[in-house]
Structures are given as structure tokens and as C-alpha cells.
Amino acid sequence: MFQIGEALMGQGAELAHVDLMIGDKGGPVGQAFANGLTQLSVGHTPLLSVIRPNLPPKPSTLIIPKVTVKNMEQAGKIFGPAQAAVAKAVADSVEEGVISKDQVEEIVIVASVFIHPDAQDYNKIYRYNYGATKLAIKRALGGFPDINTVLEESNKSTHAIMGFKVTRLWDPPYLQVAFDNPDIEFVQSAISQIPKSDHVIIEAGTPLIKRYGMDVISRIREVRPDAFIVADLKTLDTGNLEARMVADAAGDAIVVSALAPISTIDKLIEEAHKTGIYAVMDTLNQQDPISVLKQLKVMPDVIELHRGIDIEATEHAWGNIAEIKKIAPKILVAVAGGVRLDKVPVALGQGADILVVGRAITNSKDVREVAEQFINSLNKPEIDQFRVMTDF
């Protein structure tokens, strides 16, 4: 047996976070247990869990402090409420049948325990660590989470300590608000008026980037830290270099022109995927985007069917969305140029995943009101809007 469990519980400085391994005495967990007892580390000295002095639980459990213990006051929080909490959680797990009595002499547990140096309330330290340990044991022996849960939740979750959400594009359709006005104060003001939504993307347009460079991404994050930000570079050369520049600036996606050499597009997509950002291929003035897709080694994450500002009076060019998705079923299709409220049903009906809207929102007299109208037209609820959530 070799099972892994994790749980976080509580709040404030007394918050408990427990990582643990459960396994056979003769296996890797048993070896880790023995090593922990015999190879001590300054500030992270392992200790046996005990319900009270002279009463350890079964299976035997080794506690390892995650945070360096620097003085006896901090040591008392481990050698006390945390030590007892972990032990009682193990004993209760046996009593409740989570751990079989037949296994208690065959397996051991190694638990890493987080105690913040500022934690003061021993009652909370005990209760939070008891709950976290018990939950971690149950999860470990129950195989939680399964891979389907991981994949479903990975794009929804915000790490409690990190404090902000990294947005990914997994639940279309989306509204992408494009800012071409090269005035950062105007852009920041307009972004602050756009309603917060799981289905809004912010685009740093080409003129904006030409004026301010990659630093404009940080300026946008000052207003909307968790925004999904597209850097519309319309790359034509040095694709890998420009993709790395966007990634280093904490952008989420880079736009490459479909007019670029195939080798440039390939290098940009490869570098984007290497650095964890999205690659968007813009078809502005490219008469045959399908042929470009067929020549690529790796598909972009998004293809943008784009009608330029200077030619927006002509009919839209969204008719080949179905053909694109036959070639690349997982690709997201964005439509840009001439997207008005009355055109939203048409675009969505033809299979568009992202609606790119610029001046219709950014130059309107009431940015918030118009943006809300576009968001509502997507007919898409917020992710987990009706979910009452503790941990799951």
C-alpha cells in the first residue's frame, strides 16, 4: 500500500494543512518513517503522534513540522495540540472503520503538519489539525480525488493562500474586450467599469502594446489581477522570442498573424505551450486560413476570424467555423470585426467560442451597461454561481 492524502481546514493563523502518506511498514512509507525517526533535522524534528504522553495511536504515525520551529514557544504548538490532534484523528479513523483494525500493525502514517508561527489559539490548532488529518486519511484511503474530479475542478479553483484565480478558457462562449486606444489611463478606467465575469477576456490591442510595450500587461493587472489577458502582437517573425516575452510579462495569450511564415507560427505555438500560455492565430487578410492550419505541426489554441477596422463595412467572414472545427475539434474559434449585439446570435449559432468586441464597448457612453448587455447575450451562467462550497 502507498496512498497519499491532503487536507486544509480552518482559517487565520491557526489554519491547518496536512499532507500524509499511508503505507506498509516494509514499503517506501515504512522506510520514510524509519528515516524520519533516525535522521533528525534542525527545526523540523519528527515526532510520534500521541493522544496523551505514553499513548500513541495505531497505526503508528510520525509528524513532521513543515515550518521551521525556531524556539520552545513554537515547539509547544507541535508538541501539544497538533501532536494530540493528529493522534486522535488516527484513532478515530480506526474506530469509524476508515482504517481497518486488521491493518493497524502492518501500516504506518507519515504526516507533514503546518503550524504558522503566529498561531496562538491552542483550541483551534487542535480542532483544525484533527479535522484536516481525519479528512486527509479518508481521502488517501478513498483514492480522492479521482482524475475526473481533478480535471473538472482544475479550471475552477483558486488557491486560498495565493488569493487570485488564474483563468483558463474551458467554458465558452467568452466576450473578449479589445482595447486599441493607446491611452493606458483610458484603458484602466474602462476595464474598471467592465463587470467581473468568468466569461470576459481582456485584449491588449496592437496600438496599445506598440506604445507601452509588454509593461501594459502589468498595468492592466493593477485593475483586474485575475483577468485573462491577450497580447495582440500580430507576430510576423521571431515567434518563439515574442511568445516568451508575453509569458515573461505574465500575459495569458499571444496573437500571431496567419500571414507569418509557417515556421514562425510553429515556433510561436511551441514556445507558447512550453511556457503555459495560449497561442492565437489571427486570420486578418489571410484568404485561406484552412490551408495554414493544415500545414502547422501543432494547432493553435484559438483561431481568430478577423475583419479589420478599415474594412468592417463589408460582410463578416465567419462562415468556415464548422470546417475549422472538423480539422481541429479542440480549437476555440474567435470572431472579430463588426460584432454588434444584434450579431451575437448569428456568431454563436455558427459556432463561435469567443466574441471579440472593441469600440462598441470601449467607446460607448456607458461601458458597464453595454458590456453587461454583451455578457448577458452569451446566455452563460457564472462558473459555480449556485454552488455552496466549503472544500468541495
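Numbering starts at 1 and runs along the chain as displayed.
Placed from the backbone N, Cα and C atoms, the Cβ positions cover glycine too.
The active site, proton donor feature in Swiss-Prot is assigned to H17. Neighbours of H17 (active site, proton donor), defined as other CB atoms within 10 A of its CB across all chains, total 21.
In the three-state DSSP classification, K66 (substrate binding site) falls within coil. Under the heading substrate binding site, Swiss-Prot lists D19, L48, K66, T68, Q83, citing sequence analysis as support.
Annotated region 'Formaldehyde-activating enzyme' per Swiss-Prot: 1-161, in sequence order, evidence recorded as sequence analysis.
Annotation comment: Swiss-Prot describes 162-392 as region '3-hexulose-6-phosphate synthase', evidence class sequence analysis. Looking at the region '3-hexulose-6-phosphate synthase' (162-392) alone, the prediction's average pLDDT is 92.
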Under 8 Å by Cβ from K66 (substrate binding site), same chain, sequence gap 6 or more: H17, D19, H44, S112, V113, F114, I115
Those binding-site residues listed as T68, Q83, and which of them has the most Cβ atoms within 10 Å of its own Cβ: Q83
In the chain carrying L48 (substrate binding site), residues 6 or more apart in sequence that have Cβ under 8 angstroms from it: L37, P56, S60, T61, L62, I63
Whole-number Å value of the largest CA-CA distance among D19, L48, K66, T68, Q83, listed as substrate-binding: 17
Other C-beta atoms that fall within 10 angstroms of the C-beta of D19 (substrate binding site): 19
